[in-house]
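Worksheet for the structure shown next.
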Amino acid sequence: MQLAAEQKSQEVTDWAARIGWVAGLVLLIGLVYWLMREGWKWRGTLQNDLPELPQAPADPGPARLRMTGRYHGSTTAGQWLDRIVAQGLGTRSRVDLTLTEQGDLIVLRPGAQDFAVPAQALRGARLDKGIAGKVLAEGGLLVITWEHGDRLIDSGFRSDRAAEHAAWLDALNPSRGDSAVAVQHHQEGPS
């Protein structure tokens with residue numbers, strides 16, 4: 001009978017310590033998110049020399065090509081990790097992309113700032129695998145290079161139907177052979 005008297009009940013959880021640890025963890029996560037947000041805003045401040053984006057016209061005229069998909073962001077040309085956040089270019093969104101008969105590129109982004117790229121600012125296109133924070137299968141991203149102000153910008157798009165990318169390459173590059181060389185040069189780096 002002595003055996004039954006020596007049994008102890010399970011210890012009660014120390015709620016004060018547990019609540020303290022949870023509150024500390026929540027504060028740490030909040031601090032990390034706040035620092036990330038401040039970094040994003042600071043990047044935008046550093047890039048505020050980027051001029052206002054040309055507005056998308058209400059009636060762009062007849063379309064040469066159309067594509068729906070995702071806009072994955074813009075970077076400094078040739079530097080796929082140097083994201084541009086100024087003027088709303090860092091905001092990922094759905095996209096309706098139109099290449100007009102005049103050669104202008106119209107970028108309509110529900111929930112984000114629409115913009116247009118005049119034909120004379122377009123510098124070419126290539127297929128790539130990634131752009132600032134988004135990596136896809138090889139050739140899964142249509143990257144369009146354009147000039148705005150004194151900067152060359154790469155903008156990444158992914159069509160809902162990846163087979164459409166080839167038609168965009170043909171339309172945005174003077175000759176298809178040049179785009180294949182540009183893709184290979186970009187992947188291997190300059191010689």
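Just so you know, glycine gets a Cβ as well, placed from its N, Cα and C.
What TrEMBL says about a protein is an automatic prediction, not a curated fact.
TrEMBL annotations:
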type	residues	note
DOMAIN	50-172	domain 'PH'
TRANSMEM	15-36	transmembrane segment
DSSP residue counts for the domain 'PH' (50-172), split into helix, strand and coil: 17 helix, 59 strand, 47 coil
For the domain 'PH' (50-172), the mean pLDDT of the predicted model: 90
